[in-house]
Amino acid sequence: MPPTSHQRNDSDLSITPLRRPKSEFHPAGGQQTTLRYSLSDFPILFNDDQSSTSVDWKAWCTTIGGCLTAMATFGYTNAFGVYQDIYTRSGAASASRISWIGSTQMFFMLAMALPAGKLLDMGYFRQATLFGSVLYVFSLFMVSIAHTDRYYQIFLAQGLGMGIGAGFLYVPALAVQSHHWKERKAFAMGMVTIGSSIGSIFFPIMLNQLFQKPSVGFGWGVRASAFVVLGLLVLANLLMSDKRDLKSEKPKAIPDIRGIMTDVPYLLCILACFFINLGVFFPYFYLQLFSILQNINPNIAFYFLAILSAASLPGRLIPNILADRFGPFNAIIPIIGISGALIFAMFGTSTVGGVVAFAIFYGFFSGAFISLCPACLASLSKSPDEVGIRFGIGYFLAGFGVLVGAPIDGELVGDTFTWHKPIVFSAVTVLAGFLFLLVVRWMLAKRKGTQLV
């Protein structure tokens, strides 16, 4: 009779002795040694292959769902340069004021990690992502009916609404990977951030093509992208899940907020990310304008941001594989140093070949920073129960760098387009974050007693 669901097959049992058996040794040749075992020598270990396969399947589904979430949120946010052009030419406000819409959207996408991370730790991951999906898609449809010459309508729908909705999606989709993956945590988070690179390539091209067609225009162009985002988030919500079996094994631990806020390496890591965020996004906002003012053909300069985003694809995966082997801080520190040096290299990029080379290298290394940052924060967590709150606090505080970085760059560029000021400012802030990360790595190596941190 085949085993039912309540019975266990003999193939599920493995018998392994824990200690050497009692034996009788007879020195006389030709005599047989008698081995005597007791039942205590044979513990029965159940190997539930079906359950193990189920856990792996859920982990991969959650990673794929997180990739779709990053594509719909972070990837779409990186397409704001297209909206910047539309809003500026429609006379909604000055270019500096319009840049606050994009920076506010990105800030709330990171800052809302504070309540979203807490909900993740409390076990409300699915509820948080569902709420974020509804708010994000609704706000995007509101953008499609907003008047492009009315600043307050755009700011409320795109800056606040989409930013808050994305905040309940992006960071939880990253943090939940640590619930499923133990040994390949950085690799899984890198796979998730690849979605933002794909979205950064796809959505700008899609929006530009639709906005330029008279039969489509701004309204239906935004709606078409909103339907794509809706489909991505529906699939993501169906695929992603929290690892519920952790809760059934033991009571949920309450995160030690005081211990987290007095963890010096953690606080220095947040400070480092704040300084890096001040400058690392400067090429993403201004590379196209910088290239056009260097007398490069605008039809060619249009593709530089796509090249930058495409180059970040391997940058969001390869360094994460190395991070799982050598430690996330060992991987991120040289990457930040190279990124800061590359911003200085913008002084020498005045030809098409120079800008293309810069876009490829900077896209790779800056993309690696974005994907390794969550792995670094997760490595500072003492248990999976506090991953969400550490992500929330970290992204909330470091997000202020994103909020003020682009407007500061805009003020430094000015009406005369003085490029040396924002280049120096961005490079110095990134290198300041590099120095703080060196201190964090030294403290962690001392704490853990290993150089693989």
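For all residues, glycine too, the Cβ spot is worked out from N, Cα and C.
Copied over from TrEMBL:
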- 58-444: domain 'Major facilitator superfamily (MFS) profile' (DOMAIN)
- 1-30: region 'Disordered' (REGION)
- 98-116: transmembrane segment (TRANSMEM)
- 128-146: transmembrane segment (TRANSMEM)
- 152-174: transmembrane segment (TRANSMEM)
- 186-206: transmembrane segment (TRANSMEM)
- 218-240: transmembrane segment (TRANSMEM)
- 266-287: transmembrane segment (TRANSMEM)
- 299-317: transmembrane segment (TRANSMEM)
- 329-349: transmembrane segment (TRANSMEM)
- 355-380: transmembrane segment (TRANSMEM)
- 387-408: transmembrane segment (TRANSMEM)
- 423-444: transmembrane segment (TRANSMEM)
Which of 218-240, 266-287, 299-317, 329-349, 423-444 contacts the transmembrane segment (186-206) most, counting Cβ pairs under 8 Å: 299-317
Range from 98-116, 152-174, 266-287, 299-317, 355-380 with the greatest count of C-beta pairs under 8 A to the transmembrane segment (128-146): 152-174
Contact between the transmembrane segment (98-116) and the transmembrane segment (387-408) (at least 3 Cβ pairs under 8 Å, separation 6+): yes
Chain residues outside the transmembrane segment (152-174) and at least six past its termini with a C-beta under 8 angstroms from it: 65-66, 69-70, 72-74, 77, 83, 87, 92, 100-102, 104-113, 115-117, 119-120, 125, 128-129, 131-140, 142-143, 146, 189, 192-193, 233, 236, 240, 374, 388, 391-392, 395
Maximum Cβ pairs under 8 Å to the transmembrane segment (329-349) - stretch from the list 299-317, 355-380, 387-408, 423-444: 423-444
Per-residue pLDDT averaged over the domain 'Major facilitator superfamily (MFS) profile' (58-444), given as an integer: 88
